[in-house]
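TrEMBL lists B:Asp127 with the feature Fe cation binding site. Residues annotated as Zn(2+) binding site in TrEMBL: B:Cys141, B:Cys144, B:Cys181, B:Cys184.
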There are 2 protein chains.
Amino acid sequence: MGSARDMAYDIHAMPTATRPTPEAFVPEGDRLSARTEALLDRADSLCVKRGVRMTALRRQVMGLMLESSHPLRAYDLLEQLQARHAGAAPPTVYRALDFLLEHGLAHKIERLSSFVPCVHVLDHSHDHDGDCAHATQFLICRTCARVTELEDGGIVRAIALASRGSGFHVQHSTIEIEGLCAECLASGTNESASLPPQ
Amino acid sequence: MGSARDMAYDIHAMPTATRPTPEAFVPEGDRLSARTEALLDRADSLCVKRGVRMTALRRQVMGLMLESSHPLRAYDLLEQLQARHAGAAPPTVYRALDFLLEHGLAHKIERLSSFVPCVHVLDHSHDHDGDCAHATQFLICRTCARVTELEDGGIVRAIALASRGSGFHVQHSTIEIEGLCAECLASGTNESASLPPQ
DNA sequence: AGCGTGATGTTATAATATATCAATATGAAA
DNA sequence: TTTCATATTGATATATTATAACATCACGCT
């Protein structure tokens, strides 16, 4: 036994390191990038640390988001999930998403009714670990539809200051900034990615 | 003839000042506060200035929002609209809302899938007039469900700064801050108004 | 093994939003 | 005034997003 929850559910619930020869078990189209596998494993150990369960289903949904270059809608995830998970239905996806959102492993982009994996909890040294209450902001490119997650102290402070000025106690902020990303600005590619207007 | 668009559609399309004795024409339950009437008239003249039409339908929808203490969902508006407007259907409301949003007379609160009238375009001296591209932020109270609209320069600057740091060109920002308003904090009334979590 | 809890399966439906095309109203031109 | 182009509204259908409710199954504990 390699870890606290190995052999649970199926191979997709296992950190890569504990698998015999992963490729042999992974059905066509399911190979995940090394980065995704690494991030999934980080998410996984974060869950262990918190005493919650990163099940196969949740890991799969997280994996789908990590492999995508842009936010995915619930029904996008559902469709992809169904390829390997016949019985998947809307609640299947929404429940997995609820878990991931609750534990700060993913975020909902309200403007797009879409979801992205959280890179700050997972990536490098941002060890929030037991605490998932980080304040994030999102840059949404209207041309390429990519979303970048920020954790900008200046924005957080400005919001705290303005709220305090109104006697308001902040619990959560939704900050979604739309426009053109550096790459699209540079390449002059201004066709919209069919985002909602305003 | 009293103004550019008088007698259009019905009495509700008319600024109060041009009406003979408004009360006599207004059906039961349709009396609007003096504040609402005044703001509707401001919205109206803003539209005239911009060469767009504040029709009876749009004015009614705007009026419903102005009379409400909290954000209204599209189907709330629809239901209220139907009381005086038999044929009203979802597109009726969404089209009126689209117009009001486009002209900065209302805002959508993404977190609540709800709509509020814009007070900054309408109230007192904020004469944006021809220009509706003001940057707003919203304070959403989880207890009383009231929403306060801000136009805080500090937040706008912090966002501009952070975005510039990423080479991102901002076109629009959605800033929705959830928590407890001063009144609810003071009164200790902490029952949630059934807002979505996180 | 038996039990309590949490996770998933399954079906149905609620809530939010848009597409499409017909009918009508409006403002400007002739 | 008539005519015309355009904007607005009417009406029906449907797409999209999200949840309720209850059955079943897996897991962790004793």
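Keep in mind that glycine also has a Cβ here, set from the backbone N, Cα and C atoms.
Nobody curates TrEMBL annotations by hand; they come from automatic prediction.
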Binding-site residues in contact range of chain A, given that the Cβ distance is under 8 Å, out of B:Cys144, B:Cys181, B:Cys184: B:Cys181
Packing count at B:Cys181 (Zn(2+) binding site) (other Cβ atoms within 10 Å of its Cβ): 22
Assigned conformation of B:Cys184 (Zn(2+) binding site) - DSSP reduced to three states: helix
Greatest C-beta neighbour count within 10 angstroms, which of the binding-site residues B:Cys141, B:Cys184: B:Cys141
